[in-house]
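Inspection log for the structure reproduced underneath, given as structure tokens.
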Amino acid sequence: MLLKELSAVASPLNDQQIDQLQQAAAESSPQQLAWISGYFWGLSQTQASTHLQSVSQPGVVAAAQPAGKLTIIYASQTGNAKGVAIALKEEATAAGIAVELVSAGDYKGKNFAKETHVILIASTHGEGEAPDDAIDLHEFLQSKKAPKLPNLQYAVIGLGDSSYEFFCQTAKDFDSYLSKLGAQPMLERLDCDVDYDAPAAEWRVKALAKAKETLSTGDADVVPLPITQSQQAVSQYSKQNPYEATLLTSQKITGRHSGKDVRHIEIDLEGSGLTYQAGDALGVWYENDPELALAIVAKVGLSGEELIDVDGEHIQLVTALVSQYEITSANPQLVTKFAALSESKKLEKLVADKNKLREYSGNTQIIDVLAEKKTQLSAEQLISLLRRLTPRLYSISSSQEEVGEEVHLTVGVVEFEKGEESRQGGASSFLSHRLEEGAAVKVFVEENNNFKLPADDNTPVIMIGPGTGIAPFRAFVQERDNREAEGKNWLFFGDRTFTDDFLYQVEWQKYLKSGVVQQLDVAFSRDQVEKVYVQHRVLEHAEQVWQWLQEGAHVYVCGDMNHMAKDVHDALLTVIEQQGKQSREQAEQYLNELRKSKRYQKDVY
């Protein structure tokens, strides 16, 4: 029943409470409504009565004092898993469950033997790797030291991207390890795709229901109840509640003969109170190209004027495609679904081969998938193929110590030709082509605690970032410069040509001249017959790299995950082998120890 109808019917709520709920609903996104639903479900399970106080005062509810404890462990690389874990903790507390929230990096594996109920929330990093904070726990649970866990009930939820081969691999690993140790699953593992908010909220409700079946509760106690988004919005912006910032600058920083269009983006955060650290990312909520939306509906025989239901509202199909759905990048699920709808022999053959399906999906835009076989679809069928729109995360390329209430990005514009037609990336073309300077753009800061400068300013730093992977290192050097850090800085940068692709060249030369950067080594792959990349420069300076490592240097790598990061990793192993006189196995262990101690950090994509 709609909230606006409540006052007209018999209801346990008074008019003031109805007004509060109406306000909360009106100011909340679909994801926030899903969270609120789970939160109020938890309250309904308590034995104590609840009382909603005025929104202008801190709200409290009576919640049952539990007997027994639920431990929530999160393994998070960029913060998404942590966010889900925090929401679950709040819902569990409201439901009267004693709960402990802990990072996988702070959790001792041997403590599993003392637990009765555990929920583990895990993201996956790189190629099926556990997040940095979870490496030790991940290794412990598959080791001979792991205890048998016959008295443990557990649940696992994974966050990932189904476009990648090792989708939610860390969550799958934890699920498998706990099961082999004799623990009993409370419910089936959920593997969430990029649009995880709603399914994760539903799963949390089910998980808490299962936990409460065997976690008893006692007398009521008072716990805080933050009931509206607007109460939190005063001091904090987030993915669900982004800040409406202003685009100050979108400047092309590659030369006229470059095959790339890379933009330096400056965004005004004045008055927002938003803060960030070097290494964090900026989430950008973007809109799709209206022309692309119209082309897609035409491709499947629709006009775009059809009305569809989106979160309880009826809106035109083309409007939904512009603002609510991902319509640029294909994914394996979309290709699989369209293969079934279109009965395309080509797509059916691709679907039968997972590797070819993943390769095709990663290199093909949605409109080109739809063009594989002319197929009439209904508006509902088209929508069923699509993911919900999610924000694009960009590594921040500025330090607030340097730029104040601004945030800078370094954005590579995705643009290529498909036959006689042009194809563009959704977010990059929005920032570079469709958003005018002075226009509003919704943003939020995504913390990345796994890509941070060393706390000790005397520590040497080695930064390896070709192409737009240079972004966080611009922030790092600005930060170290403003802090007058004594530690040495060494930058490896690479791209196609010196003349047209040396991003921020003047700035690096200034830092080199002033002594902020002690060493700058570049690799321009197309300036000579033989291709040279950053990993080659690392090997050329193997002796010095090893010396810096012996001095305690931290190593950072940012950029392409599929090729560059692997090649740099192999180069570092070779340096350790040759200069440290170690076997390959010992070199791998050495590098793994660097990663565990936060001396080897990667921000790859």
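For all residues, glycine too, the Cβ spot is worked out from N, Cα and C.
Residues S525, R526, K531, V532, Y533, V534, Q535 are given by Swiss-Prot as NADP(+) binders; from D481, D495, D500, D567, that same site also lists D567. For R392 (FAD binding site), the Cβ neighbour count at a 10 Å cut-off comes to 18, with all displayed protein chains included. In the domain 'Flavodoxin-like' (70-208), the DSSP tally of helix, strand and coil residues is 58 helix, 33 strand, 48 coil. For the domain 'FAD-binding FR-type' (240-454), the model's average pLDDT works out to 96. Among the residues T328, G362, R392, L393, Y394, S395, T410, V411, G412, G425, G426, A427, S428, Y605 said to bind FAD, no two Cα atoms are farther apart than 22 Å. Under DSSP, K531 (NADP(+) binding site) is assigned to coil, being neither helix nor strand in the three-state scheme. In sequence order, Y286, N288, D289, E326, I327, T328, S329, R392 make up the list of same-chain residues 6 or more apart from G426 (FAD binding site) whose Cβ falls under 8 Å from its Cβ.
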